[in-house]
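S.K.: I have a structure I would like to understand better, so I am pasting it below and will then ask my questions one at a time.
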């Protein structure tokens, strides 16, 4: 018989007692009453918060949206077919958050901040709640720095400033996304982080956008947030808020971010779907009563912070898709009233080969003028006036009236200006080149050149300026203002180049 050592047993027991931890896992639970169409009704979560993240079985998450007397209505962020009646549901006691920070740059993520580009996990150390209060009046300062898009028509006549909300509105297939991509590509070499949020779009379209950004080297400073057409409505509803939370990280860390929401019409439709399934009362066009607040609380988070808060900025470019140019529908009028201006794109202009198809007559930027560079401001006023007079005369000339010489000259000038405002896709122009061509156009140097040669004149003027007068372009870039001395240099370049151009293209002119 083995000898039993009492001291050894005592020490083992003492060691076990010391290592024993008394921990009770307490969690508030409820049970699923019914589930369907991405909505679950839950009984038992009495202390749940509005917008709180809820844990369902099979790693499915949900958000509490309807807090009723005897039940909670929650939207599911995963496959709702895995959930059944009677399943246990747990509170997390935290509001829905997404990962933010440098680790997301160059990545494609879903509305929950999870990577979907196959490049491995994102090692984010910080999380931001998707719903946050917008900065107050005291924390802001007026928009004063330009956010150059590289598009002549926008930077000259509808300028966008850092911290502004500028709506891009138009029918489908009028070039809305192209303007946003140009704006992203134009930030290359700058200090801006760009976030592109795709809401309810085809996956093939999003893949094309990502490829375009990669081909132009823009993914190095961009983040793409995707809630595609095949994703559930709650994911489409969350996507812009997630994109905004990611942008706010850069805004609050004394940096600058641009957030593009493509588009908020589909976002409103997803919210309408959720609201109707949650049995909320419908209003105009079956949208819920708080659809205005849905977009206003999102877009108000774009801001230019004051110096005490780091002077960072978040610029928003929301998109709205209209039906047959109807801007008086519910969602378009809502978003127009929330934003600081709008860029109207028209199908007729697009089809008549004027691209970007911006109707500068009804497009406006309410605060961007304060952010415009002095150089652009000095020449853009004349451009807008000339185009306004041209549109008025063009409408009058349709009646076949005989026009006097000054009116004919005005029509001719307008035709040339419309031509130089055309621009190829994904070819954003730096400020100095925009200044050169717009100055030449508004001062009448293109008036005697055939309209069909305007684009050739423009391309060759850029080449000539770069090769023979690079210091002048650099001076415009650094000064950002046209003083008399610099204006004289620009005039000299344009006159010298025009002489050469007219000599080379004299046969074409005579033929024209």
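Just so it is clear, glycine is given a Cβ too, placed from its N, Cα and C backbone atoms.
Pulled these features from Swiss-Prot for this protein:
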BINDING   170, 171, 172, 173, 174, 175, 176, 177  ATP binding site
SITE      363  site 'Required for activity'
S.K.: Give me the CA-CA distance between residue 173 (ATP binding site) and residue 363 (site 'Required for activity'), in Å, as a whole number.
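M.R.: Here the two Cα atoms are 18 Å apart.
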S.K.: Counting other Cβ atoms within 10 Å of each Cβ, which of the recorded positions 173, 174, 177, 363 scores lowest?
M.R.: 173
S.K.: Determine which residues of this chain, when 170, 171, 172, 173, 174, 175, 176, 177 are set aside, have a Cβ within 8 Å of the centroid of the ATP site's Cβ atoms, and list them as they appear in the sequence.
M.R.: 321, 345, 347, 350, 357
S.K.: Say we define neighbours as other CB atoms within 10 Å of the CB. Which of the binding-site residues 170, 175 has the fewest?
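M.R.: Fewest other Cβ atoms within 10 Å, among the binding-site residues 170, 175, is found for 175.
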S.K.: Which residue among the binding-site residues 172, 176 has the fewest other Cβ atoms within 10 Å of its Cβ, if you could check?
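M.R.: Each of the binding-site residues 172, 176 was scored; lowest Cβ tally within 10 Å is 172.
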S.K.: From the Cα of residue 363 (site 'Required for activity') across to the Cα of residue 175 (ATP binding site), what is the distance in angstrom?
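M.R.: Distance between the two Cα atoms comes out at 15 Å.
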